[in-house]
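See below for the structure under consideration.
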Amino acid sequence: MPDYEFSPASGDRPRSWISKQVLIVLGVCLPVILALAIWVGVLTWRQSSMGATDHVSAIVLGRCLTYTRNMHPELRNQDCKKILNTFTSAFVSKDPCNITKEDYQPLIDLVTQTVPCNKTLFWSRSKELAHQYSGIQKEMFTLEDTLLGYIADNLVWCGDPRTSEVKEEFCPYRNENCSSTATSVFWTVVSQKFAESACGTVYVMLNGSRTTAFSKASTFGSVEVFNLHPDRVHTLHAWVMHDIGGVERDSCLGSSIKELKSIVNQRNISFFCQDDYRPARFVQCVRHPEHPSCSVLM
């Protein structure tokens, strides 16, 4: 058999040189790939989380003192430090996705406040206007005008099984894998209590600039309306408000309001609806005095 010897063809490189090139490329690219993977992981985690409010405990205590000492001195006997401790005990050192209504029950039992009959105002997708209205009509109470609603409004909080402190970083979003967050369960519990305590004629402010003014997926549609007691509440007035200059997508004649009326009537509660309730419309027109729809009111 002939003894052939193959030499590298023109342009070929020895295998050792190619191995060195591969190592150099890996040395340059691998850190970039790892950094990208970490960044994607962090981004995914942040997308499933929301920023916890810094210094939640201090804010809750401060708001409680402001509310009971200045805004509603008739509640001066409420122990704000005890309220804070009971509030945080509901979720600290616990799985942030597995909070229960029972966790907040001691807080509900502790805070006693009576909203006068005929002064309860619910809202759905109209928070800003409802608060502006109740801010002028001081005798009206939205949930956030009560002590428990006031101390927690616009805050985000949660705990961690690994620590006894309130978490100051990120809290999980409420989703199908985390449906019982500390914040969402709190609002469900206090919303239920707010509705159960209502009496006489109650009111709800709805947003007719949305496709559906009433939604059974909202807190009002899923919790509050079903916890109105017919032996305490005899009438529900709905105010369907529309944005100044906006599109009127729903009204008292719409299908969603008919659904609300059916739910309320089945609970033996009378129902009335009014589009663009005049006193609330005046509040809207403060910011748009020159708009034709506001000029008509003057």
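Our numbering is plain: 1 for the first residue shown, then up by one each step along the chain.
Any Cβ shown, glycine's included, is placed from N, Cα and C.
Per Swiss-Prot, these features apply:
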- 1-21: topological domain 'Cytoplasmic' (TOPO_DOM)
- 43-298: topological domain 'Extracellular' (TOPO_DOM)
- Cys64-Cys80: disulfide bond (DISULFID)
- Cys97-Cys178: disulfide bond (DISULFID)
- Asn98: N-linked glycosylation site (CARBOHYD)
- Cys117: active site (ACT_SITE)
- Asn118: N-linked glycosylation site (CARBOHYD)
- Cys158-Cys171: disulfide bond (DISULFID)
- Asn177: N-linked glycosylation site (CARBOHYD)
- Cys199: active site (ACT_SITE)
- Asn207: N-linked glycosylation site (CARBOHYD)
- Cys252-Cys273: disulfide bond (DISULFID)
- Asn268: N-linked glycosylation site (CARBOHYD)
- Cys285-Cys294: disulfide bond (DISULFID)
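Overlay of Swiss-Prot feature records on the structure.
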residue	record	Cβ within 10 Å
Cys64	disulfide bond	24
Asn98	N-linked glycosylation site	15
Asn118	N-linked glycosylation site	15
Cys171	disulfide bond	25
Cys178	disulfide bond	17
Asn207	N-linked glycosylation site	24
Cys252	disulfide bond	19
Asn268	N-linked glycosylation site	10
Cys273	disulfide bond	22
Cys285	disulfide bond	18
Sparsest Cβ surroundings (other CB atoms within 10 Å) among the recorded positions Cys80, Cys117: Cys117
Pairwise Cα distance for Asn98 (N-linked glycosylation site)/Cys178 (disulfide bond) [Å, integer]: 7
Number of Cβ atoms other than its own within 10 Å, given for Asn177 (N-linked glycosylation site): 9
Residue with minimal Cβ packing [other Cβ atoms within 10 Å] among the disulfide-bonded residues Cys97, Cys158: Cys97
Residue from Cys80, Cys199, Cys252, Asn268 whose C-alpha is spatially nearest that of Asn118 (N-linked glycosylation site), among the recorded positions: Cys199
Integer Å distance between the CA atoms belonging to Cys117 (active site) and Cys80 (disulfide bond): 26
Integer Cα-Cα distance in angstrom, Cys199 (active site) to Cys117 (active site): 5
Euclidean distance between Cα atoms of Cys294 (disulfide bond) and Cys273 (disulfide bond), Å: 21
Cα distance (Å, whole number) from Asn207 (N-linked glycosylation site) to Cys285 (disulfide bond): 16
Cβ-Cβ neighbours of Cys199 (active site) (radius 10 Å): 19
For Cys294 (disulfide bond), the number of other Cβ atoms found within 10 Å of its own Cβ: 18
